[in-house]
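Asker: Just dropping this structure here.
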Amino acid sequence: MKILFATLLVVTTPHLVTGQIHWGNLSKIGVVGTGSASYKVMTQSSHQTLVIKLMPNITAIDNCTKTEIEEYKRLLGTVLQPIKVALNAITKNIKPIRSSTTSRRHRRFAGVALAGAALGVATAAQITAGIALHQSMMNTQAIESLKASLETTNQAIEEIRQAGQEMILAVQGVQDYINNELVPAMGQLSCDIVGQKLGLKLLRYYTEILSLFGPSLRDPISAEISIQALSYALGGDINKILEKLGYSGSDLLAILESKGIKAKITYVDIESYFIVLSIAYPSLSEIKGVIIHALEGVSYNIGSQEWYTTVPRYVATQGYLISNFDDTPCAFTPEGTICSQNALYPMSPLLQECFRGSTRSCARTLVSGSIGNRFILSKGNLIANCASILCKCYTTGSIISQDPDKILTYIAADQCPIVEVDGVTIQVGSREYPDAVYLHKIDLGPPISLEKLDVGTNLGNAVTKLEKAKDLLDSSDLILETIKGASVTNTGHILVGAGLIAVVGILIVTCCCRKRSNDSKVSTVILNPGLKPDLTGTSKSYVRSL
């Protein structure tokens, strides 16, 4: 299936794989696109009614086969009785709703309702399955008409048309054998031999029914149907369903692979020994503008460590939007991707930035053991991690080495027309990618762990660090409380000391002022006028001035 999807790249037009996704930048970190396809979803189904009559009409040989028929009926009862009980249990609490119009003339069927009070507890799937089963069941009149038709027919495969319904295909697997072999041989064979032959044929038919419709017998409500059972239901002509629903051969194959065709048992008759199956064939609706892209990654080396970029296997683009794509309910064909339900779901903004070319938004993880691709062929060029595997030019016999500052090597015909890598010889084309990608020119994303053991270990380490951080925070809270109490006491001491210093300062200033005042009084000289000073040696001018 991977090879089939890879070949899709050749048949799809080039413009489908360009646009929102920056393949150039992604290729620098080892991510390349390997294909793109349109997107189809299975929608409302068309139904076919199939009646499998397990007990043939044996009127002509009834006298010789009573013992074998009784044993065969007992065998059928062990299979059909549990199915009938299960169907009754599912549908007993579902009743039809009549319109609220009081007039009998205008009273008509309006739908079905679930008797929730009687049912008690039921899941959404059980409720939906029960209502769908009730809606596909025939009414009593249709069942009686069908039973009458089956009792009167001696044909192995007969189409029965009922009023207002599509064609019903009735299958009686042993009837041809009875009509064409046993009845003509009644005059030549003894009753014992006829009974033995019929018994063996019935046992073989019983085994065949169990093999073909075993899933429906085990799961009467929503079992998938095999291609063998589908061919059996169509009388061996598989082209009928292709013509009726407009399927192509690849569409039908994809629908079968994705288990899109369902068959549910809607009625079991343990008296006439027949079962009624409703086979649902889904219609296909292409979602315009949605393209599904397949991705592959190549590991790259940073020093001695080998890494690869973690991206999903598939993504979807529609306009500017990039979405995740779940391939579980899908099948891939050359014409497109067919899914039994909507497989698109939102992508994180960070991963969208990665696909749009921001390599720093692309997470990476270490390669575990030998897991991971180490080379891939894209656009005719070989993208290889030649630091982890041996790359050799087959033409010249020389080794292609990868420098430590390169994370990947891109090999084209201008470097080496024929390359031998990891024991595989590949002829490459003209260059579509640069010669090499250097580590210092790439912004790599954050490293993450994907292995369960690594994730568990990292979570354990994170929890341990958080516990240690909590202990440190508690210790710091205690220290802060201590400092807060000590700071209040210290503040009081400081205020008292400042007050004492201020009082002492005031006293000192007061004492100094008084002392200075006393000194100025003592130093004042009062001259006595009765004494004459000694003026010997004094100049006359000074004396005259005196």
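Using the three backbone atoms N, Cα and C, a Cβ is placed for every residue, glycine included.
Source: prediction; values computed, not measured.
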Asker: Choose one of C391, C393: the cysteine that Swiss-Prot connects to C386 by a disulfide bond.
Answerer: C391
Asker: May I ask you to indicate which of 18-46, 134-162 is given in Swiss-Prot as coiled coil?
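Answerer: Swiss-Prot lists coiled coil for residues 134-162.
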Asker: The disulfide recorded in Swiss-Prot for C362 goes to which of C339, C354?
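Answerer: When Swiss-Prot is consulted, C362 turns out to be bridged to C354.
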Asker: For the candidates N57, N518, I need the one that Swiss-Prot annotates as N-linked glycosylation site.
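Answerer: The residue tagged N-linked glycosylation site by Swiss-Prot is N57.
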Asker: Far apart in sequence but close in space: which same-chain residues, 6 or more away, have a Cβ under 8 Å from N25 (N-linked glycosylation site)?
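Answerer: Sequence-distant Cβ neighbours: G357, S358, T359.
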Asker: Pick the one among the glycosylation sites N57, N63 whose Cβ has the fewest other Cβ atoms within 10 Å in this structure.
Answerer: N63
Asker: Between N63 (N-linked glycosylation site) and N57 (N-linked glycosylation site), how far is it from one CA atom to the other, in Å?
Answerer: 13
Asker: Express the predicted model's confidence over the coiled coil (134-162) as a mean pLDDT, rounded to an integer.
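Answerer: Averaged over the coiled coil (134-162), the predicted model reaches a pLDDT of 61.
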